[in-house]
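Peer 1: What follows is a single structure, and I will ask about it in a moment.
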Number of protein chains: 2
Amino acid sequence: MPQFLNSTSADFEARFTELLSMKREDSPDVDAAVAEIIADVRARGDQAVIDLTSKFDRMDLTPATLRFSEAEIEAECAKVSDADRAALELAADRIRAYHSRQMPEDQRWTDESGADLGWRWSAVSAAGLYVPGGLASYPSSVLMNAIPAKVAGVERLAITVPTPGGIANPLVLLAARIAGVDEIYRIGGAQAVAALAYGTDTIVPVDKITGPGNAFVAAAKRRVFGKVGIDMIAGPSEILVIADADNEPDWLALDLMSQAEHDESAQSILITTDEAFGHKVADAVTARLETLERRDIAGASWRDYGAIITVRDLDEAATLSNRIAPEHLELCVADPEALSDKCVHAGAIFLGQFTPEAIGDYVGGPNHVLPTARSARFSSGLSVMDFLKRTTLARMTPGALAAIGPAAETLAISESLEAHGLSVRARLDALND
Amino acid sequence: MPQFLNSTSADFEARFTELLSMKREDSPDVDAAVAEIIADVRARGDQAVIDLTSKFDRMDLTPATLRFSEAEIEAECAKVSDADRAALELAADRIRAYHSRQMPEDQRWTDESGADLGWRWSAVSAAGLYVPGGLASYPSSVLMNAIPAKVAGVERLAITVPTPGGIANPLVLLAARIAGVDEIYRIGGAQAVAALAYGTDTIVPVDKITGPGNAFVAAAKRRVFGKVGIDMIAGPSEILVIADADNEPDWLALDLMSQAEHDESAQSILITTDEAFGHKVADAVTARLETLERRDIAGASWRDYGAIITVRDLDEAATLSNRIAPEHLELCVADPEALSDKCVHAGAIFLGQFTPEAIGDYVGGPNHVLPTARSARFSSGLSVMDFLKRTTLARMTPGALAAIGPAAETLAISESLEAHGLSVRARLDALND
């Protein structure tokens, strides 16, 4: 059973604060091991990657087989059913359409001093995408990472995906192909991140690395950050559902379980204006947990981190939602738009009872890589912006320099940066001659 | 003397690669000390901050004096000369005008399936800005960090600035006031970062921390990242000037020195199409180094990391510039716009000989917090985007769910995420009833 809270209880604030500060993740400290792996790959390149792959993935590779050949990719893709292929293509089309609208515009203007100002966006030249192997090898995540990169204009996009024992996931390879990925390497772990960041004889280094992974991958991404850009380090998944009593309890139970089934550390919370309805949802969860394939995982998550909170009204629900800053926020109320306007800290909002969160995981269009652990207070989901950078532009005319240069000189002197001031003064003097 | 390279030399590639990979920063490892400071602030709050301030800044504070009072700020601001005040106000107006154009638009649309999609930007609720004390206490940096935050709509903006021995910098306080900063605390170091991230009885925690600082501050920002957002960890400053022979050597010498005077680890590079002109600039630097106030710092930077590179033509200059990915790029050539189009990896570009980089440090309008150490390959300067986050929105109609839901179900099943699939299926079945 999850926790039941009621905002009218005397102990509510204490219990809610405790819920907020629950530590759900217990990452093993693999930093020292990861530092060694990275140093090894930097020193020995391909051979280190090959040795580590043999050790961790029971795969014997050579420099020539590190990368999937076109024929191998073809052969794997041919194993995918027509239905799965069509679903991936529909998802890819919708994700591409959504993310294409994110492309920002360059700007350029001349201000009243005559200064010509602006900025220009450009794509990262090369990006690497880490794809986990085994159970957490999700083709949908390949689409969600690769498509924004390609929409941004990344010329070279490489994927690494471990194939323990030589087993590849055909759907992952097909998703990569559909998304326009250029290179696929059958390696994983910290060694894959190190190879992408520093390069080997076979793998040309990239400028940015994104994608989920286990503790080794996360530690490696933290360590190579600076040498390359990285996306966020994602924590366990979360959903917050805000619902009035006018909902089908079983639907919401399934939405709550669709996060809980990811991971025992996932967190599913229901906020409702009707306590009795909250209990109906809890009962529906209990019923579903009897048969769900992943009932052990989902059940543990629901028992340890699940919560059903009864509130006085939807304004209170919005206030609590902003304190939670959920990764996923589902608004199953009569006027979800009005409630949405009050929920300012959330990674993704799903409006109305016909928008289960799972739609957003696959085919909605928005990205499913979203800020976890309350970081929606200050960060956003993955987007084309993660594969772009902005160069600012400034061009002074002699007139503009005459107008604003003296203020720059004054400030330079006040900061004791004489050469800064002189670089402006020398030009101003020439203009005055 | 700096290094002289020529792209036609047999050893050029080796020497250029070496120049690119020069390690200029030697950060002391203060991580263990910083971990202790953060733990102390989390455990003892205000009293820890007070004790650490007494120890490091020789200042005895109480909870009541941690924060500058309005009267104290007024008194400090009154010390600023009219000329300095006018220069700060001009700079603030121009920075505000530039950054106001960066505000991104929300989007909302209905696609052909009937799905209503979009996103919404919102500001971080509270931000903290670290301002160094002593020599590196730059009022211009206060403007460059605080104005984008306020343009973004950050409601609560707090500054921490150490005042060793009780000495405040009136210009820093005035810059904070002009920029609309809400709270100013006279604390610094890792303890200030910890107080901003975790809060104390006196200091309410923030969601995002930006601003430059020493090794302690940088290590503290890395450690609190995740609990709050942070901006980049900046390295030593850099400038690349690309110039033809039709320039005044002394102007370019001053531009090169305006980076070199920041820090012995700064790097100033000139790329020119005319070797003789390169030597003229080197001579001009030598002449300026005789009298510059910061000649010891600037001279060391120029000697250890400076370089003058002669290239065959401007295309080659652009290619090298993209490999360097400079923080600041000055284009002093006949057609700077054309050259600029080829320079895709740079933090900020200054076009033409009347745009010394120092203009961008103070009054140009663009931000002077820019990516260093080749990170312009994958990141951008500070902007209003750093104080905003995006929430994606999706709303399915029954028709839209019927159109795209089956594909989501198919993908969920292929990923063995049964509850995901069922959350869609339960709704589809209800629609079919």
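Please read every residue number as a count from 1 along the shown chain.
Cβ coordinates are placed from backbone N, Cα and C, and glycine is handled just like the others.
TrEMBL annotations: computationally assigned, not manually curated.
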Peer 1: Of the candidates A:His279, A:His328, which does TrEMBL annotate as part of the substrate site that also includes A:Ser237, A:Gln259, A:His262, A:Asp361, A:Glu415, A:His420?
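Peer 2: Within the candidate list, TrEMBL flags A:His328.
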Peer 1: Which one is it: of the recorded positions A:Glu327, A:Asp361, A:Glu415, which Cβ has the fewest other Cβ atoms within 10 Å in this structure?
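Peer 2: Fewest other Cβ atoms within 10 Å, among the recorded positions A:Glu327, A:Asp361, A:Glu415, is found for A:Glu415.
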Peer 1: Would you identify which of the binding-site residues A:Asn214, A:Ser237 has the most other C-beta atoms lying within 10 angstroms of its C-beta?
Peer 2: A:Ser237
Peer 1: Can you name the recorded positions among A:Tyr130, A:Gln191, A:Asn214, A:Glu327 whose CA is within 10 A of the CA of A:Ser237 (substrate binding site)?
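Peer 2: Hits: A:Glu327.
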Peer 1: Taking just the CA atoms, what is the gap between A:His262 (substrate binding site) and A:His328 (active site, proton acceptor) in Å?
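Peer 2: Spelling it out, the Cα of A:His262 (substrate binding site) and the Cα of A:His328 (active site, proton acceptor) are 14 Å apart.
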Peer 1: Around the recorded NAD(+) site, report the further residues of that chain (criterion: Cβ within 8 Å of the mean position of the Cβ atoms of A:Tyr130, A:Gln191, A:Asn214; site residues excluded), sequence-ordered.
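Peer 2: Residues close to the NAD(+) site, other than A:Tyr130, A:Gln191, A:Asn214: A:Pro132, A:Thr160, A:Pro162, A:Gly188, A:Gly189, A:Ala190, A:Ala192, A:Val193, A:Gly213, A:Phe216, A:Val217, A:Ala220.
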Peer 1: If proximity means a C-beta under 8 angstroms from chain B, which of A:Tyr130, A:Gln191, A:Ser237, A:Glu327, A:His328 count? These are the recorded positions.
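Peer 2: It is none; no candidate comes close enough.
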Peer 1: Measuring Cα to Cα, how many Å separate A:Asp361 (substrate binding site) from A:Glu327 (active site, proton acceptor)?
Peer 2: 12
Peer 1: I'd like the Cβ neighbour count for A:Gln259 (substrate binding site), meaning other Cβ atoms within 10 Å of its Cβ, all protein chains included.
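Peer 2: The answer is 31.
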Peer 1: Just jot down the residues in the same chain as A:Gln191 (NAD(+) binding site), at least 6 apart in sequence, with C-beta under 8 A of its C-beta; none if empty.
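Peer 2: Once residues fewer than 6 apart are set aside, A:Gln191 (NAD(+) binding site) is near A:Ile37, A:Asp40, A:Val41, A:Ala48, A:Val49, A:Leu52, A:Thr53, A:Phe56.
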Peer 1: Among the recorded positions A:His262, A:His328, A:His420, which residue has its Cβ surrounded by the fewest other Cβ atoms within 10 Å?
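Peer 2: The recorded positions A:His262, A:His328, A:His420 were compared, and A:His262 has the fewest Cβ atoms within 10 Å.
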